[in-house]
């Protein structure tokens with residue numbers, strides 16, 4: 001009896017392995033890129049049914065031959081064990097079949113379209129971010145250029161002020177030298193008046209330049 005049980009278990013395992021291998025291979029046939037399904041559900045069910053029938057016929061033949069042997073007896077426990085194994089195999093086969101059907105019914109086209117849509121959204125957001133970054137960069141460059149131009153204008157005004165001041169100082173020095181050579185008081189007084197007038201003009205010019213400098217500094221501060 002142990003020999004028969006071992007043979008029966010071997011047959012069951014072989015049958016289960018053949019069915020499992022067949023079920024694992026057939027979904028790949030269905031997923032070929034040609035668009036033609038070389039295997040159909042009816043073909044699978046027919047092949048599985050024929051395989052199961054063949055296996056059970058072989059097992060029944062062995063059981064009958066074993067029952068004719070007087071040294072062998074078929075007990076109730078052996079039948080229950082065989083039935084449990086049969087039910088387990090049927091449940092495993094049903095699970096494999098259900099899994100194959102779920103894989104074959106999966107809609108890969110929708111998944112692909114969803115991925116394309118998401119990629120397009122990300123690409124659009126990236127383009128918007130790049131445009132915004134370019135706009136900010138252009139504004140910063142424009143502000144830096146304006147600041148540089150204003151700094152250059154301010155430097156030019158300061159340089160002009162220095163030149164005018166040096167010119168006035170030279171003129172005052174020349175007038176002082178001329179005053180030394182004058183002997184008449186009237187001329188000296190006239191020169192003094194001219195000197196005072198020039199000093200007043202110098203002070204007025206200095207105030208004007210100071211106001212211009214303050215105005216430029218104020219405008220720079222407001223822009224910053």
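Glycine is no exception: its Cβ is also placed from the backbone N, Cα and C atoms.
Because TrEMBL annotations are produced automatically, they should be read as predictions rather than curated entries.
These figures come from a predicted structure and were not determined experimentally.
Pulled from TrEMBL:
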COMPBIAS  23-33  compositional bias 'Basic residues'
COMPBIAS  50-62  compositional bias 'Basic and acidic residues'
COMPBIAS  66-75  compositional bias 'Polar residues'
COMPBIAS  76-90  compositional bias 'Basic and acidic residues'
COMPBIAS  144-153  compositional bias 'Basic and acidic residues'
DOMAIN    107-214  domain 'cGMP-dependent protein kinase interacting'
REGION    1-90  region 'Disordered'
REGION    144-165  region 'Disordered'
Grouping DSSP H, G, I as helix and E, B as strand, the residues of the compositional bias 'Basic and acidic residues' (76-90) number 15 helix, 0 strand, 0 coil
What average pLDDT is reported by the model for the domain 'cGMP-dependent protein kinase interacting' (107-214)? 81
